[in-house]
Amino acid sequence: MDTTEKLKLINRNLKEVIGGDIMEKIINKRDLNVYWGTATTGKPHIAYFLPILKIKDFVDAGCNVTILLADIHAFLDNLKAPIEKIECRSQYYKKIITLMLKSIKVDVSKISFIFGSEYQKSNKYFTDILRILNQTKKNDARRAGSEVVKQVKNSKLSSLVYPAMQALDEEYLNVDVQFGGIDQRKIFMYAREFLPLLKYKKRIHLMNPMIPGLNSDKMSSSDIDSKIDLLDTKLEIYKKIHNCSLENEGLIFLFKSIIYPYCSIFNLQIMISGKVYTFDKLYEDIKMKIIDETELKNIASDMIERLICPIRDEMLRDLKLIENAYGNK
């Protein structure tokens, strides 16, 4: 695969790329080092397949990929993860993300997992936290985290440290690229502004679109009705899909960003009323309201069940891990 082909795969379906000119120069010399971080808070849901599918593109393009399980970040974000649950939730995340990667034919031997607590407690990292915070005004930190960190009227100081740590992670993971959702953009711009003040280089930033919820603007772990949990039963998936409205495009986005890419990997087709549908034709017929909505939702339910069934079955073999991480909910 030449540089042009690699760049096409790396940039495919992204919402925004910052620093693409630098990326091409690096790829001409060596493999790109990319990291994606996720705070180990609520249970991963179907929308997590959006970054997982993108990680497959990175691996297929020859990138070295690191997945940061941001356990300390999870605690800092308004106590989304109680400190006594952090280790169990981090192990839960590692296991389920590994299963997700395997389910779409990613060679997990090409991916490195690291917990934030493995290096974020070091003296050097702590010194750099003090250095970057010494350059950061309160409003800088609040603005940077406004789309990611839970916003409350009287923010805890810990939530203001969150963006600074995420910026420093780029340096301490020794990467060229940080990848995340478009909701991370303000943190990425903070990193580009403040890392050079510590004599660290700016990184490249790649951003995915966000998946809307089934009946809301954003699919969220905290909103049960907006998401499909990766441990949901076949019946729960069916009910959630059939209760969602086509008006807010949550289901349409699932087809575009998860179901069709999954079908492409396994050479599957979407067939409705005896007709094979591309996504563009599907979207057109939905907008024109000439598609059988019940059959459409049946197909969506079946494909999502097919995708998550092996993941759910494997996770349910370790009920102790689930209980320790999230209780009985």
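Here the Cβ of each residue, glycine as well, is placed from N, Cα and C on the backbone.
What Swiss-Prot annotates here:
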type	residues	note
BINDING	Tyr35, Tyr162, Gln166, Asp169, Gln184	L-tyrosine binding site
MOTIF	40-48	motif ''HIGH' region'
MOTIF	218-222	motif ''KMSKS' region'
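Structure with Swiss-Prot features highlighted.
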residue : record                  : DSSP (3 states)
Tyr35   : L-tyrosine binding site : strand
Tyr162  : L-tyrosine binding site : helix
Asp169  : L-tyrosine binding site : helix
Gln184  : L-tyrosine binding site : helix
Site diameter for L-tyrosine, Å, by largest Cα distance between Tyr35, Tyr162, Gln166, Asp169, Gln184: 17
Spatial neighbours of Gln184 (L-tyrosine binding site) that are distant in sequence (at least 6 apart) but have CB under 8 A: Glu147, Val148, Gln178, Met207
Neighbour tally for Gln166 (L-tyrosine binding site), based on other Cβ positions within 10 Å of its Cβ: 26
